[in-house]
There are 2 protein chains.
Amino acid sequence: MSLTTQGMSWQDVAATAQKHRDDTIAQVEPAVPDTPIDLPKNVTGLPSQLLPKEVVQITETTPETLLSQLSTGELTSTAVTTAFLQRAGLASKLVNCITELLPTRALARAKALDDYYATHNKPIGPLHGLPISVKEHISMRDLDLNAGFISWVGQKGTSDALILRLLWNAGAIFYARTTEPQTLMHLETSSNIFGVTVNPFNTSLTSGGSSGGEGALVGLRGSCLGIGTDIGGSIRSPAANQGVFGLRPSSYRLPLDGFAATMIGEEHIVPVVGPLSTSLEGIKVFMKVLIDQKPWLHDPMLVPFPWKPTGDLLRRDTAGKRKLRIGVLRDDDIVRPHPPILRGINTLVSKLSGHPDIEIVDFPAYKHDDAWRIISSLYFADGAAEEQEAIDASGEPWRPLSNLIIKENPNMKALSVTEVWRLTGERDVYRAAYTKHWNSIGTSLPGAGQEGELDVAAPLAKEMAMVDVILCPVGPGCAPPLDCARYWNYTSQWNLLDYPAVVFPTGLYCGAEDKADETYTPRNEKDRYNHELCEYFSFFIGVLGKKRRTDADHSDKPETYVDAPISLQLVGRRYEDEKLIEALELIMEVAKL
Amino acid sequence: MSLTTQGMSWQDVAATAQKHRDDTIAQVEPAVPDTPIDLPKNVTGLPSQLLPKEVVQITETTPETLLSQLSTGELTSTAVTTAFLQRAGLASKLVNCITELLPTRALARAKALDDYYATHNKPIGPLHGLPISVKEHISMRDLDLNAGFISWVGQKGTSDALILRLLWNAGAIFYARTTEPQTLMHLETSSNIFGVTVNPFNTSLTSGGSSGGEGALVGLRGSCLGIGTDIGGSIRSPAANQGVFGLRPSSYRLPLDGFAATMIGEEHIVPVVGPLSTSLEGIKVFMKVLIDQKPWLHDPMLVPFPWKPTGDLLRRDTAGKRKLRIGVLRDDDIVRPHPPILRGINTLVSKLSGHPDIEIVDFPAYKHDDAWRIISSLYFADGAAEEQEAIDASGEPWRPLSNLIIKENPNMKALSVTEVWRLTGERDVYRAAYTKHWNSIGTSLPGAGQEGELDVAAPLAKEMAMVDVILCPVGPGCAPPLDCARYWNYTSQWNLLDYPAVVFPTGLYCGAEDKADETYTPRNEKDRYNHELCEYFSFFIGVLGKKRRTDADHSDKPETYVDAPISLQLVGRRYEDEKLIEALELIMEVAKL
């Protein structure tokens with residue numbers, strides 16, 4: 001039963017939820033340190049100053065190394081869990097990324113695993129003793145399940161979501177639940193329950209969203225592996241904003257059973273669940289452990305196809321030599337990415353160019369505006385009736401980005417079944433056209449815009465020469481200032497197409513070299529909005545843009561983007577998740593990332 | 001442009017379409033023989049009396065043997081195509097299964113293939129020279145595309161459907177287009193365009209539907225391999241009624257691109273395309289040839305998973321011995337199958353029992369009534385607006401079975417998007433429960449009706465012991481009299497669950513041994529209806545049932561079911577299409593079918 005139905009005001013509900021969060025953080029032993037009164041904008045250096053050395057060491061270790069140390073007994077589950085509980089508590093004090101910690105449950109589980117290890121002298125499973133953080137709307141038995149709505153606070157999960165049961169079976173420990181925005185449909189993380197989750201690299205910027213609690217927590221190394229969800233960029237935006245790895249898998253590979261959200265039963269645009277991690281290996285372990293357990297034996301929506309081992313999935317040329325053809329999509333022709341994003345792409349491309357296994361080709365956008373029209377029409381096909389009801393039931397205010405995607409979304413309206421079918425048909429036509437477009441890049445096959453019957457035999461001959469993966473931005477800039485993440489299309493494009501997409505850090509950060517292009521004339525209103533966000537760069541580097549606002553407007557913004565991580569996105573063909581990861585492994589190896 | 005929009009009455013449209021059909025049959029050379037005035041009820045013996053010996057020999061050869069003979073040059077494409085054109089023309093005169101023959105196109109193609117063979121001394125592809133028949137609503141360039149609606153007659157296909165282009169690339173020849181019912185949503189085949197397609201084994205019975213033209217044509221050996229579609233039983237019902245093989249594959253394995261039908265864009269219950277054939281090998285060749293061409297490179301809705309070779313897909317026990325556990329579902333607990341169906345199952349089970357590789361267990365039904373409620377609510381979620389418009393536009397009458405599934409369907413109503421989501425959610429809950437039910441049969445795992453958290457680890461240990469396939473009826477009886485195929489649930493059950501299902505002949509036919517159970521008390525109205533269809537058996541065997549109607553009612557029905565083939569259905573888990581076929585291969589080998 002929700003708290004508002006018990007007569008509480010929305011403000012009291014929020015206070016209750018926040019007090020509960022604070023209480024759970026206060027339960028952690030040794031106590032989570034308090035934070036300094038004067039915090040720098042970049043708080044990523046604070047944990048190593050404030051936490052014991054052992055805690056810092058454990059929490060800054062990659063998941064694969066931790067798993068190795070846990071499986072050999074070098075580390076106990078209790079030590080690892082205690083370390084992550086402490087660092088997660090501190091992270092929440094710094095960037096507000098936690099809805100509750102679970103010290104009692106987690107330490108009991110850790111002890112049980114340590115006892116198991118002591119008795120059997122072996123790990124219980126491939127995730128033995130590894131703490132995993134979980135986005136709030138993924139059900140845990142007897143714990144709150146609110147999806148960012150005040151009116152849902154107090155509803156409890158009746159059982160653990162299937163994905164958690166599978167991870168648990170493999171030996172995982174759940175110790176932290178993370179924040180999400182009102183409606184789950186922002187590329188930021190702000191709700192009236194917990195407020196705003198900010199970016200640890202620069203707290204004037206957003207952590208991204210909707211899995212922004214995960215992004216901020218993993219970015220601050222309060223977690224090495226966390227679970228997010230994505231229907232328009234919600235795993236990838238926070239992964240990118242914090243410079244960590246994040247995977248949006250192809251649909252129906254991982255189970256969604258037991259999630260709280262609006263629009264349950266909607267299948268025109270399928271949400272997915274996936275990992276965020278401090279390492280690419282963490283992403284792989286997560287996928288493999290889940291799929292190896294044949295989750296389709298419990299969730300019949302899933303495709304029953306095994307996780308392929310990476311290492312030999314890339315193409316071979318006729319001489320047997322490994323080949324990776326990367327299509328580079330710098331710009332979607334609608335909103336031009338900010339200078340640091342283009343710098344990130346160009347830097348990486350120059351590192352890859354000339355490598356004998358890698359070929360770089362341009363990948364032009366194909367009607368990405370049409371993709372946005374279709375997906376943004378289908379998101380809330382009931383006219384957002386469920387979201388309106390869930391928000392208005394408590395009297396809580398609409399957050400700015402809820403307004404953006406619902407009330408200010410020109411494509412949003414209550415559709416009839418006939419209209420849904422028509423749009424779904426348009427989605428399928430667009431998908432087929434994009435496939436034809438992809439097939440045509442760098443080959444002699446006809447593209448989507450060209451006339452002529454498809455010669456179905458030709459692709460078999462030409463398949464060897466097709467683009468394998470697309471390298472592109474994750475968004476039109478690095479993490480933007482709060483409430484400014486208004487452009488979804490660099491991520492939602494791949495949701496519409498159901499292509500797997502992985503986000504990775506370039507090792508670069510926004511800095512003085514990222515100058516705004518003073519001469520640029522925006523193409524349209526969205527581009528103008530994004531370009532004006534560029535003016536912050538002008539401020540930062542001391543150049544006054546033509547259209548710059550008064551100093552007073554930006555008096556607190558001279559360092560708006562400084563230290564924001566520059567991340568990129570690699571996109572694969574549908575259900576080529578494993579090949580996509582192998583391609584990124586090669587890219588990281590060659591570019592020395 | 002359709003003919004009715006040009007001002008023709010529906011009767012004139014039908015006459016035009018029928019004349020076109022007759023003209024195309026008349027174009028076949030040598031001429032298709034006329035049929036005797038007094039036809040027996042069972043017309044399956046007539047082709048061998050009326051056609052030249054060589055034609056009979058070719059058309060009664062299995063597709064795999066024909067392919068072998070075509071690939072070695074033992075037979076020419078022209079000879080094979082000519083033979084099937086003749087027999088298909090005769091079949092249409094006997095049972096009304098053809099919408100048009102394509103002698104000119106087909107023979108030109110055959111000549112080109114023969115020329116290719118003469119030049120290269122090898123076949124052009126794995127289907128070199130094989131004639132394939134095609135259900136009318138699968139688009140062919142410049143040919144009619146009407147889906148059984150008078151008002152659509154005259155609309156032309158703008159291109160060949162992708163599946164036809166892929167088959168063509170492999171060497172196939174398209175020579176015949178086959179009938180389908182008004183709306184495509186009957187388990188029979190009657191339209192106001194071409195009338196009724198009847199069953200060649202007993203022309204007082206239905207050929208089934210909606211791929212009933214294919215069923216009747218393949219049943220009469222006017223085709224050895226044809227293409228049907230299935231959203232509720234439309235491949236399997238005609239395959240069963242004519243005692244041939246038919247496969248409903250799992251969804252999204254074969255391309256639907258280029259089909260004419262209502263409800264395009266609907267994806268709650270996904271239609272599939274699949275083969276009907278005189279041999280199981282024909283089914284396999286069809287699937288393999290298509291999937292080997294990677295159709296997902298053209299149709300991105302498809303799952304990009306290869307066709308697995310059969311031969312080693314069945315389970316092995318710990319000693320490495322092949323094991324097949326068959327769950328037998330004799331009755332769905334709603335409508336009890338007629339005596340010949342139960343005889344068919346029991347005869348087969350007794351042949352299989354005791355074989356060391358095979359284990360037989362009972363597979364109880366799990367809420368199949370709920371499955372029907374959900375699927376029949378979702379079929380026409382727009383309130384059948386498209387069907388009503390397509391029928392009423394011409395003034396053609398509603399066929400009885402169109403009324404049945406639309407106007408008399410208590411679950412049919414125009415749904416809101418919210419209602420569709422709710423029902424889709426119920427579908428998913430049902431699918432999950434059925435999965436749990438399947439997992440529990442013959443194991444110690446909890447079933448769907450039982451309490452208790454699922455122990456996700458247990459299935460891995462128990463998987464070896466799970467049921468592999470379900471053996472069940474295809475319908476509640478053999479082919480029923482015309483307009484009596486009112487019960488879909490033995491086939492639509494597996495559409496709701498998206499399980500692959502293959503129909504096969506038992507080698508048995510309805511006869512004097514199939515006695516109605518005079519003592520049976522029907523469970524419900526549907527069961528009563530089906531049981532009263534049983535009374536025909538009483539008549540046939542000269543026993544007067546308690547409820548029998550007057551002699552006058554049935555004066556023409558003394559032999560109603562005689563000679564109707566008894567077929568059965570084998571059902572696999574989702575995406576285990578190949579394993580399902582291998583299971584049937586073992587069953588046929590052991591039972592000597």
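Every residue, even glycine, has its Cβ placed from backbone N, Cα and C.
Predicted automatically and left uncurated, TrEMBL annotations should be read as such.
The domain 'Amidase' annotation in TrEMBL covers A:80-580.
The number of other Cβ atoms within 10 Å of the Cβ belonging to A:Lys135 (active site, charge relay system), over all protein chains shown, comes to 27. The annotation active site, charge relay system is assigned in TrEMBL to A:Lys135 (among others).
Around the Cβ of A:Gly233 (substrate binding site), the number of neighbouring Cβ atoms within 10 Å comes to 33. What TrEMBL records for A:Leu184, A:Ser210, A:Ile231, A:Gly232, A:Gly233, A:Ser234 is substrate binding site.
Per TrEMBL, active site, charge relay system is recorded for A:Ser210 (among others). Long-range neighbours of A:Ser210 (substrate binding site) (same chain, six or more residues apart, CB within less than 8 Å of its CB): A:Gly148, A:Glu180, A:Pro181, A:Leu184, A:Met185, A:His186, A:Leu187, A:Thr189, A:Gly228, A:Thr229, A:Ser234, A:Pro238.
Marked as active site, acyl-ester intermediate by TrEMBL: A:Ser234.
In the three-state DSSP reading, A:Ile231 (substrate binding site) counts as coil. Its Cβ placed at the centre, A:Leu184 (substrate binding site) has 28 other Cβ atoms within 10 Å. Across the fold, the C-alpha of A:Lys135 (active site, charge relay system) and the C-alpha of A:Ile231 (substrate binding site) stand 14 Å from each other.
A 10 Å cutoff on Cβ-Cβ distances gives A:Ser234 (substrate binding site) a total of 35 other Cβ atoms nearby, all chains included. Just so you know, the Cβ of A:Gly232 (substrate binding site) picks up 27 other Cβ atoms within 10 Å once every protein chain is counted. Sequence-distant contacts of A:Ile231 (substrate binding site), defined as residues of its own chain at least six apart whose C-beta falls under 8 angstroms from its C-beta, comprise A:Leu184, A:Met185, A:Ile269, A:Val270, A:Pro271, A:Val272, A:Tyr379, A:Asn495. In the three-state DSSP assignment, the secondary structure recorded for A:Lys135 (active site, charge relay system) is strand.
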